[in-house]
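Annotated in Swiss-Prot:
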MOD_RES   Met1  N-acetylmethionine
ACT_SITE  Glu44  active site
BINDING   109-111, 160-166, 315-318, His324  ribonucleoside 5'-triphosphate binding site
BINDING   Asp109, Asp111, Asp306  Mn(2+) 2 binding site
BINDING   Asp109, Asp111, Asp306  Mg(2+) 2 binding site
BINDING   Asp109, Asp111  Mn(2+) 1 binding site
BINDING   Asp109, Asp111  Mg(2+) 1 binding site
ACT_SITE  Asp109  active site
ACT_SITE  Asp111  active site
BINDING   Cys121, Cys122, Cys128, Cys131  Zn(2+) binding site
MOTIF     121-131  motif 'Zinc knuckle motif'
REGION    363-382  region 'Disordered'
COMPBIAS  363-373  compositional bias 'Acidic residues'
Amino acid sequence: METFDPTELPELLKLYYRRLFPYSQYYRWLNYGGVIKNYFQHREFSFTLKDDIYIRYQSFNNQSDLEKEMQKMNPYKIDIGAVYSHRPNQHNTVKLGAFQAQEKELVFDIDMTDYDDVRRCCSSADICPKCWTLMTMAIRIIDRALKEDFGFKHRLWVYSGRRGVHCWVCDESVRKLSSAVRSGIVEYLSLVKGGQDVKKKVHLSEKIHPFIRKSINIIKKYFEEYALVNQDILENKESWDKILALVPETIHDELQQSFQKSHNSLQRWEHLKKVASRYQNNIKNDKYGPWLEWEIMLQYCFPRLDINVSKGINHLLKSPFSVHPKTGRISVPIDLQKVDQFDPFTVPTISFICRELDAISTNEEEKEENEAESDVKHRTRDYKKTSLAPYVKVFEHFLENLDKSRKGELLKKSDLQKDF
């Protein structure tokens, strides 16, 4: 993938919003079948323009209105907010206190910077294949719980374009949830607690909740290769001292000695498991709980959610198919059938897909000179000729399931009415 030059972004965005952005699918998503009157019209969008100019409370009548505005403004970033009681672009005309956020998808934001205390390869905004496994585990753990523990059907996972992932839960019942219920859900999904000053961030009680057991089973599939080989979390004294801080002091000396005699993280982990197991058998009710090995695995691998993003109904989150202005990468949907294969470094940049389009356009110009073709039809075909196509397909698959589910619900309702 070619390098992205941020100085080219203004020109690239013009082309992207004119010829490549998947407007029809995007509108189809946020309109939700047009079942609820004014649902799309009451949705808040925010645009971040060049030089960090930020405009909130944008709203649009229809797909055409949205397209025109995006092509006029060429936003560097698009965020999606709640569905309000009134049109957001008229919020200043509404009586004080009457303008209220009413519905929104339940959203989750997982950012790699929140793992800086446990990843050794990168820090802050940087990511690499060695630490991306954290995002793979996060998607697997959170998605399994949303699907199986809560019964949520319509979950859209999206790469942020730089260092994290977002999830949009779009079931109709979920969009209506109160802030209190959202807080309860995100609390259920949170285990790693405490700021930078807190060394031990995971505390398990003797009774292990099924959610934790299932999460551990997912982590186990990745732990050896991710934590012991790639992150090498027991490589040297500095790294193993961090782990010793998570276990009772009474076993520190024994572990120090065995760690010094061992040659690598794999061997040291085996020693730790043996010593911890022996300790657990001897002391049933220690304040550290009986699950030392699991607590370490969870602290190093369990998802770290930004709680505030999930609990607030009026919280804005970056839109799918927005462009990251620093990396140039498109914020693309992730195929849940291929989570392990998803590679953020192969996600196309805006410069790459615009070059692809240029190359194709040059070849086709002669052919199309004689053909009258509508701009919409032309654009629908345009993204299909670029590396964006497979990601739009993932999005379309998600939308098809949403449509099927909605039609099923409408049929159920009409059958019930017939019974009366």
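Placed from the backbone N, Cα and C atoms, the Cβ positions cover glycine too.
Structure coloured by features recorded in Swiss-Prot.
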residue	record	DSSP class
Glu44	active site	strand
Asp111	ribonucleoside 5'-triphosphate binding site	strand
Cys122	Zn(2+) binding site	coil
Cys131	Zn(2+) binding site	helix
Arg163	ribonucleoside 5'-triphosphate binding site	coil
Asp306	Mn(2+) 2 binding site	coil
His315	ribonucleoside 5'-triphosphate binding site	coil
His324	ribonucleoside 5'-triphosphate binding site	coil
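It is 10 Å from the Cα atom of Glu44 (active site) to that of His315 (ribonucleoside 5'-triphosphate binding site).
By a simple count of nearby Cβ atoms, those within 10 Å, the most crowded of the binding-site residues Cys122, Cys128, Cys131, Val165, Leu317 is Val165.
The CA atom of Asp306 (Mn(2+) 2 binding site) is located 21 Å away from the CA atom of Cys128 (Zn(2+) binding site). What surrounds the Mn(2+) 2 site, by Cβ distance within 8 Å of the Cβ centroid and not counting Asp109, Asp111, Asp306, is the set Phe108, Ile110, Asp114, Gly164, His166, Leu305, Val309 from the same chain.
Neighbours of the Zn(2+) site: apart from Cys121, Cys122, Cys128, Cys131, residues of the same chain with C-beta atoms within 8 angstroms of the site's C-beta centroid are Arg119, Arg120, Asp126, Ile127, Pro129, Lys130, Trp132.
A count of other CB atoms within 10 A of each Cβ picks out Arg163 as the most crowded of the binding-site residues Arg163, His324.
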